[in-house]
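Look at Swiss-Prot and you will find 183-225 tagged as domain 'CAP-Gly', backed by sequence analysis. Here Swiss-Prot flags 1 as N-acetylmethionine, drawing on similarity to another entry. Taken from Swiss-Prot, the feature phosphoserine covers 65, 110, 128. If you look up Swiss-Prot, you'll see 98 marked as phosphotyrosine, on the strength of a large-scale study or a structure entry. The N6-acetyllysine annotation in Swiss-Prot covers 219 and is backed by similarity to another entry.
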């Protein structure tokens, strides 16, 4: 198997399982831990993450290694495009049992009974401290979000409605216009600045999802983050439209 010198952030692999006879082609981030990777595989093969054993095979179907370190990154193994990851299920389900849904027993379970079970996704995530059960990570993410919101609020407070401004677009081009709105919105979290451009370089008419924030012509309105806005003496540019 050929492994590139500089690994891409994602990798395309084939997923096979001891529970069925087909393969799935999927793309995953190399930054996933094996524990997180198993959780994603649950939706692909139907096996509980806590009952999985993973094996890595090359594009030539040669066995390379087991993926058995829960806290190791997927990218720390010699995984490259075209490899196959085989899931061995230890839950006791027979081959093909998940392929015919008519054979799957349908039942309901109370939240209390589900909480007591040890082979569920929830119990696995709790033991591995993943997702909402990683209190330290969640606290860190909440603190970072609060910090970003505080910084955006400070930047927004320096921008006044009616001010002339220059906006740095994602392609780094500069666009001039007038500030028409500053504050929170319903369409996305955080603080936003509504701008009426001098030219039809925007994406809306001052409204988003049926709610109007300011008035302007179609394609002249845009909402940008405060960090992309510079207020000052930016007169409307003369494009020579009055010249003969």
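Each Cβ is built from the backbone N, Cα and C atoms, and glycine gets one as well.
Residue counts for the domain 'CAP-Gly' (183-225) under DSSP, helix first, then strand, then coil, are 0 helix, 18 strand, 25 coil. Secondary structure at residue 65 (phosphoserine), as computed by DSSP, is strand.
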